[in-house]
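Asks: So TrEMBL has the following annotated:
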type	residues	note
TRANSMEM	37-58	transmembrane segment
TRANSMEM	92-114	transmembrane segment
TRANSMEM	148-168	transmembrane segment
TRANSMEM	180-201	transmembrane segment
TRANSMEM	237-255	transmembrane segment
TRANSMEM	262-282	transmembrane segment
TRANSMEM	302-326	transmembrane segment
TRANSMEM	333-351	transmembrane segment
TRANSMEM	415-440	transmembrane segment
Amino acid sequence: MAAHQEKKLAQEKKHKIIQNDTKASQGQWGRAWEVDWFSLASILFLLMFAPLIVYYFIMSCDQYQCSLTDPLLDLLMGNKHLSDIWNKTPTLTYRAAGIYSLWVAFQVVLYVFIPDFCHKFLPGYVGGVQEGAVTPAGVVNKYEINGLQAWIITHVLWFANASFLHFFSPTVIFDNWIPLLWCANILGYAVSTFAMIKGYFFPTNAKDCKFTGNFFYDYMMGIEFNPRIGKWFDFKLFFNGRPGIVAWTLINLSFAAKQQELYGEVTNSMILVNVLQGIYVLDFFWNEAWYLKTIDICHDHFGWYLGWGDCVWLPYLYTLQGLYLVYHPVQLCTARAIGILMLGLLGYYIFRMTNHQKDLFRRTNGNCRIWGKKPEYIECSYMSVDGTKYYSKLMTSGFWGWARHFNYTGDLMGSLAYCLACGFEHILPYFYIVYMTILLTHRCIRDEHRCWSKYGKDWKRYTAAVPYRLLPGIF
């Protein structure tokens, strides 16, 4: 009897271990399975106030010359009511709706129907059909990488219009900036809602879905890992890169055109912002195939966080420096302009070279040289939801030996350069560096939590070898 009881207990213990291992393997991917009160409170706050934050920034430039404090002071002192501010806000127009609809439709056509040809004549560029990372269910999706091509076609047409065709003014984006904001919000909420409905009723891969039972969390963080329509239209890749990031440089060009129209010149600060942010955008599309291995594609599900964020948050708040310089043109002295340019280029160099080292290490499985030496690494393993065991290596050489996320350090240096180009008269253009610091620090912690769940004791060995996250010797 005792032997039978011991056998039963052993079987139950074994079953419990298997369940825990399965749960751990599932939890290591994507977003959470269960929602704590803090996460829910944060999500409710963002769902309610993120659109208002974007509106407040844009409105403050439109009505208060980019002062973030004057609107609040007016309201607190009773000089104005909310209705006064709202009544002065431009409404949605048919013109803006038409512009935005044509814009999104054009980007869909470029994404879905025109296969990449840039990889055929640009040395070093990786485009065309590429494979993504393994999903939690063990699926490897294929993608048509043609973002650089879409960016080139779009900007060739933009400059052709500005120089010869004259179908519309180059200031058209600035002139319709707030009406376009309403269009972007409509698309952001529409695609997020559609993605949630799709996840419930006709998911692309049911095994790559997560349901917490909490409506708000599922709506914001997404249910499906890789929602798709047809063979090639991937929601995450399209909305992460197009239409928001393709538009980023067009938005800045429209701001520069408006500055020329208002003041008869384009200041060197506006040129700096256009050049530095343009380098960042071009880098994104040149390395779009590499982007398939980043946290956005490899771990995040597609919900409001990505859908609305890519449609509204990114194009409207990442371009605040150019918008600010329309209202407050800044002409920098030569030394300061060169200093800011050098900071931005150094930040970009660190960002790109850090990512290049990691990509080279992955592609060659460690059979390469980093800074003239064979790279050092820690071998590790992990399991997908279907129980398949995978092996990986975590590099501890080069920039990755300095800090676990040194690419983010370079990104923050570039972000600071954008802001410094705007001078120190207002705090609005510095929102970007504050936001990026919070975002990337949180991403560090979030990524490392997943890696700890994914790799277990191997991750502890890695953090012991590379103890700092962003700043060697500090953090």
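Just so it is clear, glycine is given a Cβ too, placed from its N, Cα and C backbone atoms.
Heads up, TrEMBL stuff is auto-annotated, nobody curated it.
Quick one: how deep are these features, and who are their neighbours?
Replies: Listed as Cβ neighbours of the transmembrane segment (37-58) (distance under 8 Å, sequence separation of 6 or more from its ends, same chain) are residues 68, 71, 89, 177-178, 181, 185, 214, 216-217, 219-221, 304, 308, 312-313, 316-317, 320, 323, 428, 431.
Long-range contacts of the transmembrane segment (92-114) within the same chain: residues 144, 146, 149-150, 153-154, 172, 176, 179-180, 182-184, 187, 230, 232-233, 238, 242-243, 246-247, each at least 6 residues beyond the stretch ends and with a Cβ under 8 Å from a Cβ of the stretch.
Listed by sequence, the residues of this chain that lie at least six past the ends of the transmembrane segment (148-168) yet keep a Cβ under 8 A from its Cβ atoms are 106-107, 110-111, 114, 116-118, 122, 125, 127, 242, 246, 249-250, 253, 257, 281-282, 285-286, 288.
Residues 148, 151, 245-246, 248-249, 252-253, 255-256, 318-319, 321-322, 325-326, 329-332, 337, 340-341, 344-345, 348, 414, 417-418, 421-423 of the same chain lie 6+ residues outside the transmembrane segment (262-282) yet bring a C-beta within less than 8 angstroms of a C-beta in it.
When Cβ-Cβ distances below 8 Å are used as the criterion, the transmembrane segment (302-326) is approached by residues 47, 50-51, 54, 57-58, 61, 66, 174, 177, 181, 184-185, 187-189, 191-192, 195-196, 218-227, 235-236, 239-240, 243-245, 247-248, 251-252, 255-256, 258-259, 262, 267, 269-270, 273-274, 277, 296, 418-419, 421-422, 426, 428-429, 431-432, 435 of the same chain, each at least six residues removed from its ends.
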